[in-house]
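Notes for the one structure printed next.
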Amino acid sequence: MGEPHGSMRILVTGGSGLVGRAIQKVVADGAGLPGEEWVFVSSKDADLTDAAQTQALFQKVQPTHVIHLAAMVGGLFRNIKYNLDFWRKNVHINDNVLHSAFEVGARKVVSCLSTCIFPDKTTYPIDETMIHNGPPHSSNFGYSYAKRMIDVQNRAYFQQHGCTFTAVIPTNVFGPYDNFNIEDGHVLPGLIHKVHLAKSSDSALTVWGTGKPRRQFIYSLDLARLFIWVLREYSEVEPIILSVGEEDEVSIKEAAEAVVEAMDFNGEVTFDSTKSDGQYKKTASNGKLRSYLPDFRFTPFKQAVKETCTWFTDNYEQARK
């Protein structure tokens, strides 16, 4: 039994980020329903680490539903350096958002977790029941524990107040409006920026690490469509993994090759094995998603990479980098 569809005012935190922009696009392209009012906010509208600003935002908007995307995020190397900052800022943001949603009587909150929060030592594929089964990878334990606490809070809000607060766990998201910063972004947007620079300067492409780790990549526009489905139809408090199938996992080397092909790069490609690989794999099961949506069609990886590369090239000046 899903949400009763009727008058809904949906507040999306982190609305200017990768996933927020994708949801905006999907809604604008026809996924929004009559009676739905979508309100996208970013850090310009309120500092969500500040309880008073967060409360004021929620009092003003009076959302019936919330998609909570706002977070302090960064790539592997920034996480290693600033674990305390990632823990504190995200704990503050999440507590402020969930409690403000509760105070204004929001009927549903869908927060965003990440597969990097799962235990470092685990069996594969990982699934929704394993989140708290052991410590996360040491490289980003601050971010991971802060995100795990959303699941703890969701269960507690349900137990104590009957709230339908839930969370989704996407795998590696990429697409337009990503952070393409080479030092600080995630692997695929970093590769796209690197290939762009190598191509424009006629130099070799150096990929950090061995290229062997494997990842499941999900296109932001596919994730946006799934987020909207979760908001309307998914009524469990337990989280749900949003991902392509295990069979669609690709190596970093294959991802680099897809970017090289999409951007028509003809230079030399080398792998710098002195750089850290991070986790070798974090294969996730999308069995739960498929039990609900057996026929959902994901955008083919190469097509999604091509669309993202085209967006980055066309919007190079404005892109986050």
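Easy rule for this one: first residue shown is 1, then count along the chain.
Cβ atoms are placed via backbone N, Cα and C, with glycine included.
DSSP classifies Pro170 (NADP(+) binding site) as strand under the three-state reduction. Sequence annotations record features per position, and here Swiss-Prot assigns NADP(+) binding site to Gly14, Gly15, Ser16, Gly17, Leu18, Val19, Gly20, Lys147, Pro170, Thr171, Asn172, Val173, His186 based on similarity to another entry.
Per Swiss-Prot, site 'Important for catalytic activity' is recorded for Ser114 (among others). Counting every protein chain shown, 20 other Cβ atoms lie within 10 Å of the Cβ of Ser114 (site 'Important for catalytic activity').
In sequence order, Pro136, His137, Asn140, Tyr143, Ser144, Gln279, Lys282 constitute the residues six or more apart from Cys116 (site 'Important for catalytic activity') in its chain with CB-CB distances below 8 Å. In this structure, Cys116 (site 'Important for catalytic activity') is part of a helix by DSSP. For Cys116 (among others), the entry in Swiss-Prot reads site 'Important for catalytic activity', with the evidence type similarity to another entry.
Tyr143 (active site, proton donor/acceptor) carries a helical DSSP state (H, G or I). Annotated active site, proton donor/acceptor per Swiss-Prot: Tyr143, in sequence order.
The Cβ neighbour count for Lys147 (site 'Lowers pKa of active site Tyr'), using a 10 Å radius over every protein chain in view, is 26. What Swiss-Prot records for Lys147 is site 'Lowers pKa of active site Tyr'.
Around Asp277 (substrate binding site), taking its Cβ as the centre, 14 other Cβ atoms fall within 10 Å, counting all chains. Annotated substrate binding site per Swiss-Prot: Lys194, Trp208, Arg215, Asp277, in sequence order.
Among the record's substrate binders, Lys194, Trp208, Arg215, Asp277, no two C-alpha atoms are more than 19 Å apart, and one pair sits at exactly that spread. Here the candidates are the recorded positions Ser114, Lys147, Arg215, and by Cα distance the one nearest Pro170 (NADP(+) binding site) turns out to be Ser114. Within 10 Å (C-alpha to C-alpha) of Asn172 (NADP(+) binding site) lie the following recorded positions from Ser114, Arg215, Asp277: Ser114, Arg215. Annotation for Leu18 (NADP(+) binding site): same-chain Cβ neighbours under 8 Å, separated by at least 6 residues, are Val173, Phe174, Gly175, Pro176, Tyr177, Asp178, Asn179, Ser220.
In the three-state DSSP scheme, Asp277 (substrate binding site) is classed as coil.
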